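The domain 'CHAT' feature in TrEMBL is assigned to 635-931. What TrEMBL lists as repeat 'TPR' is 78-111, 160-193, 202-235, 244-277, 328-361. Summarising the annotation, TrEMBL assigns transmembrane segment to 942-963.
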Amino acid sequence: MERLEYLFDIKILCFFILLIPFNRIIAQSAQDSILAAQYLRKAESLLAEKKLDRSVIYFKKALDVELKIYGQNHERTIIYYDRIGLIYKNLGQHEIALDYFKTFLNLSIKRYGRYHFYAGSGFLNIGVTYKNLFRYDLALENYQKSLMTYEYLRKKDMTAFIYDNIGEVFTKNGENTKAIEYYNKSIKIGTKLFGENYIKNAKSYQNIGILYNDKKEYEKSLSYYQKSIKIHINAYGENNLTVAQLYSDIGDIYRNKEEYDLALDYYQNSLKSYTSVLDKNDPKIVNLNLQIASIYIRKKKYDEALKYYETGLSTFQRTLGENHLRTSDFYYNIAKVYDRKKDFNKAISFYDKAVIANRKINHTSIGRGLFDPSEYYDLKLLLTVLHGKAKTLQSKYIENEDLGDLCISLKIYEEVDILIDYIRKSYQNYQDKIIFASSAREVYGDAIEAQFLFHKEVQEQQTIEKIIYYIEKSKANALKDLINESKTKEFAGLSKELLELEKSQRINRAFYQSRIIEERSKSTVNNSRVQEYENKLSRLKKTEDSLTTIIKNNYPKYHKLKYKNTIVLVDDIQKMLKDKSSLLEFFVSDQTIYAFIITKNRIEVKELKIPKLNEKIQEFRLAITDKNTITYKTIAHQLYQDLIAPLKDFFTGSELVIVPDGALWHLNFDLLLTRKDNTNNPKELSYLLKEYIVSYANSANLLVGSDEKSAFDFTQMQKECLAFSFSNNIDQQNSNTISLSALTEYENDLPGTRKEIKSIAKIIDGNYFYGLEAVEKNFKKNVSEYNILHLALHGEVDNERPENSKLFFTQSNDSIEDDLLHSHELFALNIPAELTVLSACNTGTGKIAKGEGIMSLGTAFQYAGAKSLLLSSWDVSDQTTPDLMKYFYTNLKEGMSKGEALQQAKLQYLNRANINRIHPFYWGGFYLIGDTTPIKFNNYYAWYWSIIGVSILAIFALIFLWYKKRKST
């Protein structure tokens with residue numbers, strides 16, 4: 001019994017011994033919970049006071065304590081990661097925010113599953129953060145995942161919110177049509193759930209209004225802005241910041257519409273709303289002075305404009321100091337007013353102040369010494385200011401005839417040229433590149449004008465060469481920048497990892513540059529943060545330089561396409577030209593057309609004044625497509641007198657290579673008429689075609705580049721022509737792949753495109769894909785093996801996103817290819833063809849983008865390696881194209897150059913065709929762009945009969961030897 005009592009006492013003792021640390025744990029846990037609650041209250045209090053940087057410290061302390069109590073996978077701790085991430089996002093520290101959001105997402109999925117509200121929130125916040133980091137591809141990817149979650153949970157309000165965010169990403173990518181589509185989806189759901197006055201719809205209406213304003217569809221833009229402002233006033237009244245901003249935006253639209261009084265009314269309404277809630281020195285109020293002043297400038301009330309500019313400037317000088325980005329903008333605008341008033345010296349002094357206020361180190365060397373764009377904060381503002389100063393010096397020279405002013409202007413344009421190259425590299429999406437190309441082209445236009453003035457003074461060849469240099473720079477196609485990493489992952493063997501690194505470096509640079517500008521524009525600048533961004537930019541620059549070197553050494557084709565910015569010299573162009581050929585290059589500005597004629601031994605430049613050029617070209621094309629011979633004769637001769645007659649004496653020989661510009665891309669020069677013809681018979685008209693072999697080039701730079709020796713050895717190419725046709729009326733049962741020679745025996749009735757290919761089958765050999773075999777997969781598989789590509793396919797040009805223009809192949813069930821060959825896919829292909837014929841409808845048409853030329857389907861084929869292209873300017877006729885192609889290929893086979901082969905084919909058709917089909921509409925739409933040299937054909941038939949002949953002779957020889965041997969034995 002004592003033994004049992006003893007044992008019992010031991011057990012009790014052990015229990016209490018064990019209970020001591022447990023009680024301590026409970027006590028410690030209670031203390032930790034109290035401490036966590038204290039940290040949390042402090043964090044919430046600081047957050048309410050908008051002291052985010054201090055608030056996040058206490059949130060993190062609370063998290064550390066809670067992690068000790070509950071662990072990482074507890075519902076209490078998971079939510080901390082989201083809250084901390086949101087604070088870092090609002091602090092602009094997006095990389096740190098991203099880490100917290102990713103942790104929140106992973107823990108949420110682990111605890112609650114993929115289709116929980118927290119998972120949707122995690123994907124959404126990650127998407128927003130990527131958007132803020134300019135990673136729009138990753139933002140879209142995460143928005144789509146968030147959308148799937150909320151659709152599964154049937155959270156319609158969140159679905160609408162994400163549609164709006166997706167619309168914003170498409171806007172950033174320049175895909176405005178898609179953006180409007182998603183904004184409207186958001187509005188539709190919001191209206192259904194909450195009615196017409198749902199406040200979140202107001203933002204979507206505003207976003208659509210902005211897009212239509214950018215597209216210059218002002219009435220549509222106004223209608224959406226009015227819907228937005230109506231909702232906001234209904235919810236909050238007129239005196240709030242959003243309504244003030246909307247009034248300001250509507251004022252901008254009326255300014256663009258040149259309805260200046262209405263614009264002023266809305267600016268005044270905006271000012272009234274702002275002043276009701278903001279201090280009078282707030283930047284939003286001060287900047288309204290810029291907008292109001294811009295109206296007075298347009299009304300040519302310069303003194304009134306100056307009053308508003310000076311009011312705004314004095315406020316910023318008082319609150320921000322003399323040298324601040326915001327004062328730089330006012331200095332620039334004041335300079336513009338003095339330029340208009342022809343007070344050039346004052347204008348120049350304010351331009352200099354604008355440059356100094358934008359410079360990282362206060363030191364002025366405008367127009368002198370070495371120029372380094374990295375020494376400035378806002379490069380776009382710098383470009384605007386330097387361009388303005390150069391133009392003012394130009395105007396001052398014209399006024400006073402002091403050559404020194406013009407020389408300084410020319411020096412500034414050289415610096416601006418460096419700056420344009422620097423800025424161009426920073427743009428991510430296509431729309432931004434096109435907008436910048438348009439701005440850059442205006443700058444180059446003024447540089448050309450200044451250089452032309454200088455040429456008149458000194459009459460030196462060197463000045464002409466400089467003009468040509470600027471013309472070529474104005475045509476530095478942004479289309480070649482459309483080698484989008486997500487679409488060309490296998491380009492030239494470039495690894496996915498290297499492409500991603502290259503892309504992230506570029507995006508990070510743009511991000512830190514924008515953060516610096518944003519920080520420098522604040523009323524109180526955080527210099528330590530600016531320095532932090534500067535250091536990161538410096539490290540990125542070193543990494544980018546190393547990466548570029550690696551790409552240059554290991555992937556030269558990709559590097560040449562994406563990075564090479566060398567402009568050819570006139571000497572290079574002259575070496576490329578034949579003795580009997582002339583290069584005619586145009587540059588079209590708002591007031592003047594500059595024409596440059598380069599021959600083997602001569603360079604000339606002429607200034608042409610042609611009023612209403614665009615209207616004349618539209619009339620010319622309409623007269624052809626409407627088959628209106630009378631109108632065509634008049635306008636075709638008038639355009640010849642405007643464009644060719646003043647230059648003709650400088651041409652050498654019979655070959656004319658034309659580099660068009662602007663609306664001239666829509667002009668078929670060979671159809672201009674050299675005389676006032678009395679006859680209405682199209683056969684007898686005086687086409688320029690009868691005097692010259694006319695071909696085209698995108699730029700002299702590309703033309704000389706195409707003349708360089710190809711890396712592909714054409715002598716090894718054994719196949720002549722790869723042909724594809726597409727028709728909705730194909731006999732699917734007879735679909736196949738056949739040789740072109742076999743097609744000559746095909747007796748069935750053929751659709752127009754197949755008749756076209758049959759017409760060339762007797763001339764050249766190769767393979768023909770039609771029907772079910774005319775699919776994208778077969779094209780990509782075979783395209784690199786042929787000397788000639790002949791694609792009788794339908795095409796579609798996307799003017800908003802030219803890289804999405806496409807050719808239609810026969811639809812199949814292929815899970816990889818969609819049988820739509822987009823322009824962007826061509827960048828990833830190797831197309832070493834001597835000639836690519838795109839005889840589809842309108843393959844050579846497209847939007848004219850300033851600084852880009854014509855955005856046609858054909859341009860992408862050139863960048864893929866095709867040396868020359870045969871394109872169509874309008875819908876080609878199935879009835880006449882087969883004959884034209886037959887003549888063209890016959891002439892090629894006989895050894896003519898591509899240009900001459902096309903010229904003679906048109907003339908042959910004209911002389912032999914039915915009288916009802918000899919109008920230029922039927923045969924004049926095709927044009928040749930690129931290299932014009934003859935094509936070397938393999939004479940298969942001569943080789944075939946030679947083999948047969950040799951074989952027969954060998955057989956006879958063997959018989960003779962056998963007979964002789966037998967006779968001797």
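Quick reminder: no glycine exception, Cβ is built from N, Cα and C everywhere.
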*Please indicate, using numbers and ranges, the residues of the same chain that are 6 or more beyond the repeat 'TPR' (160-193) and have a C-beta under 8 Å from a C-beta there.*
124, 127-128, 131, 134, 136, 139-140, 143-144, 146-147, 150, 200-201, 203-205, 207-208, 210-211, 214-215, 429-432, 434, 800-801
*What counts of helix, strand and coil residues does DSSP assign across the repeat 'TPR' (78-111)?*
31 helix, 0 strand, 3 coil
_Counts of helix, strand and coil residues, the repeat 'TPR' (328-361), according to DSSP_ = 28 helix, 1 strand, 5 coil
*Roughly where does the repeat 'TPR' (78-111) sit in mean pLDDT, to the nearest integer?*
93
